[in-house]
Amino acid sequence: MAIKNILALVVLLSVVGVSVAIPQLLDLDYYRSKCPKAEEIVRGVTVQYVSRQKTLAAKLLRMHFHDCFVRGCDGSVLLKSAKNDAERDAVPNLTLKGYEVVDAAKTALERKCPNLISCADVLALVARDAVAVIGGPWWPVPLGRRDGRISKLNDALLNLPSPFADIKTLKKNFANKGLNAKDLVVLSGGHTIGISSCALVNSRLYNFTGKGDSDPSMNPSYVRELKRKCPPTDFRTSLNMDPGSALTFDTHYFKVVAQKKGLFTSDSTLLDDIETKNYVQTQAILPPVFSSFNKDFSDSMVKLGFVQILTGKNGEIRKRCAFPN
């Protein structure tokens, strides 16, 4: 890596508050000499898909997050298994969507620059570009990740944060990945474009403590609204995680959480910690022009993209994202 690029990356990481032991692991210009149009190719494919189906932005962002939280940002969430025991087969990942976008971007790259760009990098770029397509923030994606060869269902179950988790558990989950409480609340803000289903909220509505009760931390009016949408036996109906602003990347999610209308326990529990609560309440009342959320989200996404990465001779560059070479 050229000295100027190392310095540029160090400056970038200093600006966004990221601490990385060896800054030259990744490079903003990693593919510039061998495949200068790599990012342009990925962006073109992503725009093509997301402009037709805006809900893909949330799905691709979620996929990148789930990839990074299990064995690091190594594309292991993309791997298939003949025995259905890969990460994508774990219950939390059964609802992941958008694989076709990653595959299309990888195929386009293989035509232009074969055996060069990792699926892990493709997924990181696709997630960034998908959010940008719907008007969300754009963030720099240092490149040079390598693809993992291992993908285990149990790893996903052990590492992915649960929508039923309390704040203490979530902070521990994030700390294990080198992410702090601010990253937790900021990345939770990605739920501003999130979509879920009655299946993940049913217990909060009808059997929170095993006695047929509702979660007392929820706004009673929101409980009534959700019960109308989700009868006790309905596990399929889709729910917007940010009602009224579901396809807009903005701070409305924090207003919802501040009103005790967070869909998941993991949303509501952000009010149970001083630091995360202060962030929620601040973003909830600030006019968008004064909000730091877009920058904060960009900073935390850069940090997320460095979690347990494979570089150098570790891992491989997959030819097809669903299968190891």
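From the backbone N, Cα and C atoms, a Cβ is placed for every residue, glycine too.
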Second cysteine of the disulfide that Swiss-Prot assigns to Cys230, among Cys198, Cys321: Cys198
Candidate cysteine (Cys35, Cys73) that Swiss-Prot pairs with Cys68 in a disulfide: Cys73
Candidate annotated as N-linked glycosylation site in Swiss-Prot, where the set is Asn93, Asn207: Asn207
Ca(2+) 2 site partner of Asp242, Ser245, Asp250 (as recorded in Swiss-Prot), chosen from Thr192, Thr209, Thr311: Thr192
Residue among disulfide-bonded residues Cys119, Cys230 with least C-beta crowding, 10 angstrom cut-off: Cys230
Listed recorded positions among His66, Cys119, Thr192 whose Cα sits within 10 Å of Pro161 (substrate binding site): His66
Around the Cβ of Cys198 (disulfide bond), the count of other Cβ atoms that are within 10 Å: 20
Close recorded positions near His66 (active site, proton acceptor), where close means Cα within 10 Å, chosen from Cys35, Cys119, Asp242: none
